[in-house]
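Single-structure report; data block below.
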Amino acid sequence: MNLLLAEVAQATQRLADAGVPSPRTDAEELAAFVHGVKRGELHSVKDSDFDARYWEVIARREAREPLQHITGRAYFRYLELQVGPGVFVPRPETESVVGWAIDAVRAMDVVEPCIVDLCTGSGAIALALAQEVPRSRVHAVELSEDALKWTRKNVEGSRVDLRQGNALTAFPDLDGLVDLVITNPPYIPLTEWEYVAPEARDYDPDLALFSGEDGLDLIRGLERTAHRLLRPGGVVVVEHADTQGGQVPWIFAEDRGWTDAADHPDLNNRPRFATARKALP
Ligand SMILES: C[S@@+](CC[C@H](N)C(=O)[O-])C[C@H]1O[C@@H](n2cnc3c(N)ncnc32)[C@H](O)[C@@H]1O
């Protein structure tokens, strides 16, 4: 075993002792980051090239700074995004929400699908849809100026139309024209604050996490926004907490102009997102 792999084994133990949920992966990712190689190439780093800065980044991760803040990058579907303080780190569970949305747009058989991502954060959802749905026109909105510093870097060179503003009042120019509205808004109930993992609670912005006592304040408002933006027959997709699967579909009620409201699990089989279709007149 080379020196680096021995240090990785020690670092894994330190991260596990600190309660880091994926200690081995993180120890390897950080070793690869510091040494400028891929994880699969760690065995090829010469002992003489071992970089002692490895232990500095391990100490930061031990203190529960998010891996993605240390490396400055986050992976989301086929994308590598720039992230850091001020922006929400995209999560794997959102990848399955996007997967459902891609299938829904393909099933619509529209030539140039118009898609809106409300509360875009790093731009992860908008960029994935722009990349994976051919000829889509993707629009995204974000309120936080701190987050937008990262979003702007990520969307540069893409065809995502990024705007700064409040999702509740965004895109009046697209009213009634949108095929799919997708959102991963803040949804953690304030009452859950103490149970949130330190990486999220101490590093993701509060604006990205919380929305009222039951977490549903913004989703209730976004229901109206989605209804305003969608064309009849258009679809809305809303991520939510795994405790909210019994509540969110009811926000998209028939008497408010929706049909086919349903809830869906993520890859861990936990309730994760609600979908509904704007009723035809
Ligand atoms: C949970 S994060 C999700 C970010 C991104 N969509 C993702 O999935 O990685 C929620 C985002 O909503 C933004 N936000 C909160 N309230 C907003 C509002 N009223 N209008 C627009 N964006 C908002 C936050 O700043 C944050 O970036």
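Including glycine, each Cβ sits where the backbone N, Cα and C put it.
Annotation source TrEMBL lists domain 'Release factor glutamine methyltransferase N-terminal' at 9-72. TrEMBL lists 115-195 with the feature domain 'Methyltransferase'. For Glu142, Asn184, the entry in TrEMBL reads S-adenosyl-L-methionine binding site. Positions annotated as substrate binding site by TrEMBL: Asn184, Pro185, Pro186, Tyr187. Taken from TrEMBL, the feature region 'Disordered' covers 261-281.
Where TrEMBL records a feature, it is marked here on the structure.
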residue : record                               : Cβ contacts under 8 Å, 6 or more apart
Glu142  : S-adenosyl-L-methionine binding site : Cys119, Thr120, Gly121, Leu148, Thr151, Leu162, Arg163, Gln164
Asn184  : S-adenosyl-L-methionine binding site : Thr94, Val97, Cys119, Gly121, Ile125, Glu239
Pro185  : substrate binding site               : Leu118, Cys119, Ala167, Ser211, Leu218, Ile219, Leu222, Val238, Glu239
Pro186  : substrate binding site               : Cys119, Leu207, Ala208, Leu209, Phe210, Ser211, Gly215, Leu218
Tyr187  : substrate binding site               : Ser211, Gly215, Leu216, Leu218, Ile219, Glu239, His240, Ala241, Gln244
- Counts of helix, strand and coil residues, the region 'Disordered' (261-281), according to DSSP: 0 helix, 13 strand, 8 coil
- Same-chain residues at least 6 beyond the ends of the region 'Disordered' (261-281) with CB under 8 Å of its CB atoms are 92-93, 96-97, 100, 104, 226-227, 230-240, 242-246, 248-254
- Near the substrate site, what residues other than Asn184, Pro185, Pro186, Tyr187 in the same chain have a C-beta no further than 8 Å from the centroid of the listed C-beta atoms? Cys119, Thr183, Ala208, Ser211, Leu218, Ile219, Glu239, His240
- Query: Would you list the DSSP helix, strand and coil counts for the residues of the domain 'Methyltransferase' (115-195)?
  - Reply: 32 helix, 21 strand, 28 coil
- Pull the DSSP breakdown for the domain 'Release factor glutamine methyltransferase N-terminal' (9-72) and write it out as helix, strand, coil residue counts. 46 helix, 0 strand, 18 coil
